[in-house]
Amino acid sequence: MAAHKITTTLSIFFLLSSIFRSSDAAGIAIYWGQNGNEGSLASTCATGNYEFVNIAFLSSFGSGQAPVLNLAGHCNPDNNGCAFLSDEINSCKSQNVKVLLSIGGGAGSYSLSSADDAKQVANFIWNSYLGGQSDSRPLGAAVLDGVDFDIESGSGQFWDVLAQELKNFGQVILSAAPQCPIPDAHLDAAIKTGLFDSVWVQFYNNPPCMFADNADNLLSSWNQWTAFPTSKLYMGLPAAREAAPSGGFIPADVLISQVLPTIKASSNYGGVMLWSKAFDNGYSDSIKGSIG
């Protein structure tokens, strides 16, 4: 009996150790949704390459605007045209892939006019995409794991309020995708709240802090970002040269040899974010074995 108890205790210990190791493991986040030729959401998750998939984008919201989900050529959310994605979201979740709704984007029309406006947007997102209830759920009944803030226009006001309101619902993963120059023009105050579980910094299309012939500026900027309060910090990169017209692409072999060894030493290193699935033609395959 004593031996049985010891064996059981050890089994539980190793199981819990495995769970904690896997939850702390580094991974790859990818954006999906802005190119109808990039494959389905289900097939994206089935690659086994990604820890997070960000569905992009809720491109219009706030300041009295009707919210608009823009999934490019994948589907039209009008008349429940994207509800079929519910099964694909659940398929992703069954494979331990976290699926987030990315709000904003580079070409959206969005802003928050007040703290009350931020609260209304939070309620809309919760009821339409997360654990709440609404007659209109553009992605069907599936419950997304959280919200990604890809805020690239407008002011920096009230995004911290939106983050807090979403966190108040409980069990909502929050991520942010700031540009690499510090401070970020839109998300600086929000990120400094410490509410974001993951921050994947866009180290591309920004010459002062991206890879260009060498990694000096990139790694200097990374070191500054490690001081921000987030559980996991990711290096955001283009998945192909054409994904970032203003630069920042790092060949896979260079990333593995010149960049990852340094950033993996950071205590809050979380992995790599890629823009986007449409451009990921083998890049994630090449780097995934070196991310952790």
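Glycine is treated like the rest: Cβ placed from N, Cα and C.
Residues annotated as active site, proton donor in Swiss-Prot: E152. Sequence annotations record features per position, and here Swiss-Prot assigns disulfide bond to C45-C92, C75-C82, C180-C209 based on similarity to another entry. Per Swiss-Prot, domain 'GH18' is recorded for 26-292, and the stated evidence type is sequence analysis. Annotation source Swiss-Prot lists signal peptide at 1-25.
Where Swiss-Prot records a feature, it is marked here on the structure.
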residue	record	Cβ contacts under 8 Å, 6 or more apart
C45	disulfide bond	V53, E88, S91, C92, Q95, V97, V99
C75	disulfide bond	G81, C82, F84, L85
E152	active site, proton donor	G104, G105, G106, G108, Q179, H186
C180	disulfide bond	V201, Q202, F203, N206, P208, C209, M210, S221, W225
Task: Among C82, C209, the one of these disulfide-bonded residues whose Cβ has the fewest neighbouring Cβ atoms within 10 Å - done: C82
Open item on the list: For the domain 'GH18' (26-292), what's the mean pLDDT in this predicted model?
Closed with: 98
